[in-house]
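According to TrEMBL, the feature compositional bias 'Basic and acidic residues' maps to 316-340, 353-363. Summarising the annotation, TrEMBL assigns compositional bias 'Polar residues' to 342-352. Residues annotated as domain 'Palmitoyltransferase DHHC' in TrEMBL: 92-221. Feature annotation from TrEMBL assigns region 'Disordered' to 274-363. As annotated by TrEMBL, transmembrane segment applies to 12-30, 50-69, 140-159, 179-201.
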Amino acid sequence: MSRCTFTNCTKLLGNFFVLFVFLVVSFIYINVIQLYLTHIEDIPNLNLKIISFLSVFHILIFMFLWSFFKAMLTDPGMVPPLWGFYMGDAETKRRRYCLMCHVFKPERCHHCSACNRCVLNMDHHCPWLNNCVGFFNRKFFILVLFYVLNCLYIAVVVLSKPAYGNLLYIIHTRDLHAYSEAVLIGAFLLSALLSVMLTLFMKFHIKLILTNSTTIEQMDKKAVNRIGIYNKGTWRNWIQVFGQNPWLWLLPMTGATGKQIGDGVVWNNETRTSIDELPPNESKPANIAKPSPSIPIRNEPSASSKIVLSPPLSKIRRDSPPDERVEVKVSPSHETKRNIFESASSTSTRDQMLSDRAYKIPI
């Protein structure tokens, strides 16, 4: 099977997942609305409360649908053709090359096999949205979870008492044809199950946002040591995804500073850890090797001595006989310094310019 065929199959399968989401939401919605519409005439004193409740419930449904379509139709982030990488970059060796898209991938960019493309700051591929969750639609994905959870919480509260009554009715009467009662019980159980699962799921993703991390980075064993290097603090991590305007945090909009901060390509990896936040064993400076004591010159340099710069010796060399010939190889830098010393006109001048690492070799 070619890659194009696989991509088309995953996209087609993703459409079924999207359809399944709408079927589940419609099933729960119809049971909640039908329950209230059938009893609204029986409780005339509660009409205003019921109308208020239905208004809030429909607003949440509308916000869920708005966020869902924004998350599904928004491009999560495509690698720009000219994103600032060139072959002379000092970090060339650290760049990753995508063999499928034939582009160099920026930091935190990954290739999605389902979408057959590279996604900036990719978190994961969501089959329920039939789209990847990346840098530019991550806010909409969180809003989808937020609004669907509020709808599910309301459904659980509303359907709990009628579902319990229907369950007792079926147990006592053993009526196997009580389809409407069984459907309402199923709607309650489905709402309760989804609310628990999605609560844990949203809690996980909120934690990722507050630490400026992604699902892929949490699951990648090779990137364990890099987790946290993008953390800029809770507040800065939050506004990076939801924007700087708090009034737009709950709206699936990006205009008027509701846009994400950054472009998903360049990441500032400045660490915010001060020395006071480090553990005691890491706050102390590393042990720096102390310079070894210089070897004193045994005798005053004379006309029969040649001054040579050398690292300190582990032990004092033996005294050479005056008539012994010693061949010393001097590096160019040391040769220059030696010429400076030898050009001194007097012994006192040479003594002043003599470094602590100099010793004499009789010639």
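Cβ atoms here come from the backbone N, Cα and C positions, even for glycine.
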Secondary structure content of the domain 'Palmitoyltransferase DHHC' (92-221), with strand meaning DSSP E or B: 77 helix, 18 strand, 35 coil
Residues from the same chain, set at least six apart from the ends of the transmembrane segment (140-159), whose C-beta lies under 8 A from its own: 25, 28-29, 31-32, 35-36, 53, 56-57, 60-61, 63-64, 67-68, 70-71, 74, 123, 126, 129, 133, 184, 187-188, 191-192, 194-195, 198-199, 201-202, 205-206, 209, 241-242, 250-252
Mean of pLDDT values spanning the domain 'Palmitoyltransferase DHHC' (92-221): 90
